[in-house]
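Chemist: Annotation source Swiss-Prot lists motif 'HXTX 1' at 34-37, citing sequence analysis. What Swiss-Prot records for His34 is active site, proton donor, and it gives sequence analysis as the kind of evidence. What Swiss-Prot lists as motif 'HXTX 2' is 115-118. What Swiss-Prot lists as active site, proton acceptor is His115, and the listing cites sequence analysis.
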Amino acid sequence: MKYGIVLFPSKKLQDLANSYRKRYDPSYALIPPHLTVRDPFEATEQEIEQVVSQLRQTAKESHPLVLKITKYSSFSPVNNVIYMKAEPTEELKSLSEKCYSGALSGEPEYSFVPHVTVGQKLSSDEHSDVLGQLKMQDISHEEVIDRFHLLYQLDNGSWTVYETFLLGGGE
């Protein structure tokens, strides 16, 4: 089964992201707006038990973190993804690194760039046009995230929560 690890931002930020995703992201119906902490990975039922155990420990050892969105940006020319850029805080980087160690060991496909996708799989012209419009807008959003989520992918391609982990162990 395929799994992933994400942070879900507040409803306010999700609503803003969805206002663009409805039109510019073909994955809109498959997963809510999120910040990917670890790329999707395959695991068996036995392996996922070890993963969950490790994630519980990671959550206990971590603290709630600040998510600060500062601008719209893009991964162009590598690919035509438009996103809300999150400041790469030490807490975010540390959480992502921990999610690539132990039972989750592996190498990320790309270096960690914290972001919330608002558009993808656009033609080059549409990408350029939409990004140009978004860059003219001010975006400044800050919130505290106190949990992360292990998701799994259903047969129809959509993602759902397998388990939620409170940062700081909920203490």
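Numbering starts at 1 and runs along the chain as it is shown here.
Here the Cβ of each residue, glycine as well, is placed from N, Cα and C on the backbone.
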Chemist: Compute the average pLDDT of the predicted model within the motif 'HXTX 2' (115-118).
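Modeler: Per the prediction, mean pLDDT sits at 98 for the motif 'HXTX 2' (115-118).
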Chemist: What is the separation, in Å, between the Cα atoms of His34 (active site, proton donor) and His115 (active site, proton acceptor)?
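Modeler: With distance taken Cα to Cα, His115 (active site, proton acceptor) is 8 Å from His34 (active site, proton donor).
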Chemist: Where DSSP helix means H, G or I and strand means E or B, what are the helix, strand and coil counts for the motif 'HXTX 2' (115-118)?
Modeler: 0 helix, 4 strand, 0 coil
Chemist: Including all protein chains shown, what's the count of other C-beta atoms within 10 A of the C-beta of the residue listed as 'active site, proton acceptor'?
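Modeler: For the residue listed as 'active site, proton acceptor', the 10 Å Cβ neighbour count is 21.
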